[in-house]
Amino acid sequence: MPHQTKDESPNAEPLNSALTSLQNIDRYAKAAADSAAQTKDESPNAEPVSAAVTSLQNIDRYVNAAADSAAQTKDESPNAEPVSASDTVRNIDGDATAAADSAAQEQVVEVDVNVASGSPLPGMKQQLEEAVSIPKATVDILKDQVFSFDTFFVTSHEPYEGGILFKGNLRGVPAKSFEKITTRLENKFGDEFKVFLLINPEDEKPVAVVVPKQTVEPATGSVPEWAAAGAFGVVTIFTLLLRNVPVLQDNLLSTFDNLELLKDGLPGALVTGLIVGVHEIGHILAARDAGVKLSVPYFVPSWQIGSFGGITRIVNIVRNRGDLLKVAAAGPVAGFSLGFGLLLLGFTLPPSDGLGIIVDPAIFHQSFLLGGLAKLILGDVLKEGTQLSINPLVLWAWAGLLINAINSIPAGELDGGRIALAMWGRKVSSRLGSVTIALLGLSSLFSDVAFYWAVLIFFLQRGPIAPLSEEITEPENSYIGLGVAILFLGLLVCLPYPFLFDPSQVTDFDF
């Protein structure tokens, strides 16, 4: 008992005293649960709550005794830390009361837990052909030995599709608590189960989900990835070349009769393709550093701008939101950096003989970033209705920036959608994605590019993103700032430039 610890060991730590009381609390909490279950069996009309009242009184008595012991030990042991012990006792009290309330209000599950055959994780392959039963002994070990009062105090559990969902109170720093839980799970069961620490969308509280490992294997298609990716890549090379040959764009049907003209689009295809390639390399390098496995990238062709970039699946479970943000942001950072540098170079280099192209300034109104830089660098030369010659590197680099910006749209499984989930969580990112797709739908009435991309997101990239191992911990502020910058830069590239280049002119022009 706590008061005996005081007499026999004057220098004992208050936490040891509290732990002694915890054993009594645990015993009475279990007694409350057993009493509630037995009362229901023996007297169907009896209220289970009344059966747990006596045990709750005992629990409160031991909690108060632990707090008194901690306070008294402070007087006899100057080096003790009674505040920490008192906080521990309060946490124990809350956990014990919650556990007893849950036991009193629900019939305790005393049989094996049957879980459905479907995987609870989107994008994951289900290898169980029928429902499985998780033994009660396994559930008890999960509750009492894997989860614990120092990490995640379980108050209730229920079948959750392909696994078991545990509700309770999360203790300490989420990342450290999850690490302890994972270590204990591996020590007890090896690689038989996988645990996830998520946010319950119903009440925004942390929950733990334990599923058999075979339910979280990555989904695979019937066609080998390299074959499908290669086919998409060949078509994308063709559209990149086609996009840079205006003569063929005016009459697509004549393309196959004039294939020799495609060589004229090679310089532009190389520049735009380089920006897209650097974007994907950024993802690969960041994923390797974070321990994330990526599929072969599928490059999406587009006759309007050459390509819509690549679709890269994440084929394993990402550890946390910080790792997801690093991987998702690395591509746009690399692509935007190279594209912006080449755009500035194109504006500053004068068009040389045979390379300069004549454009209408109205083209710069298609992008806020492009129009702003054009006005800043070209100055008074840029006037509505007055054509000018520019280095084609400007248009090639702008196409690369536009591809990066499209992939930064905060929706579905695009880079922007993953960035939004990593920064703000699943609930906010889902709402933002819905708004974004709705705006794309409206933009489709005026832009065929927007229509094409809205269809692509809806059918191929709408998600949802597979759960991360631990979704509680937020990324570092520096990475959140980087993610916001990427979304903002993508917005500047996609939004039109609404101002006149020469306000003194009164000239009708098309935006």
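Note that Cβ sites are derived from N, Cα and C of the backbone, with glycine treated the same way.
What TrEMBL says about this one:
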| type | residues | note |
| --- | --- | --- |
| REGION | 1-52 | region 'Disordered' |
| REGION | 67-89 | region 'Disordered' |
| DOMAIN | 269-431 | domain 'Peptidase M50' |
| TRANSMEM | 327-349 | transmembrane segment |
| TRANSMEM | 355-378 | transmembrane segment |
| TRANSMEM | 390-412 | transmembrane segment |
| TRANSMEM | 432-459 | transmembrane segment |
| TRANSMEM | 479-501 | transmembrane segment |
Beyond the flanks of the transmembrane segment (327-349) by 6 or more, those residues with Cβ under 8 Å of it: 271, 274-276, 278-283, 285-287, 290, 292, 294, 314, 318, 370, 373-374, 377-378, 390-398, 400-401, 403-404, 407-408, 415, 418-419, 422, 479, 482-483, 486, 489-490
Among the ranges 355-378, 390-412, 479-501, the one whose Cβ pairs under 8 Å to the transmembrane segment (432-459) are most numerous: 390-412
Average pLDDT across the domain 'Peptidase M50' (269-431), rounded to a whole number: 91
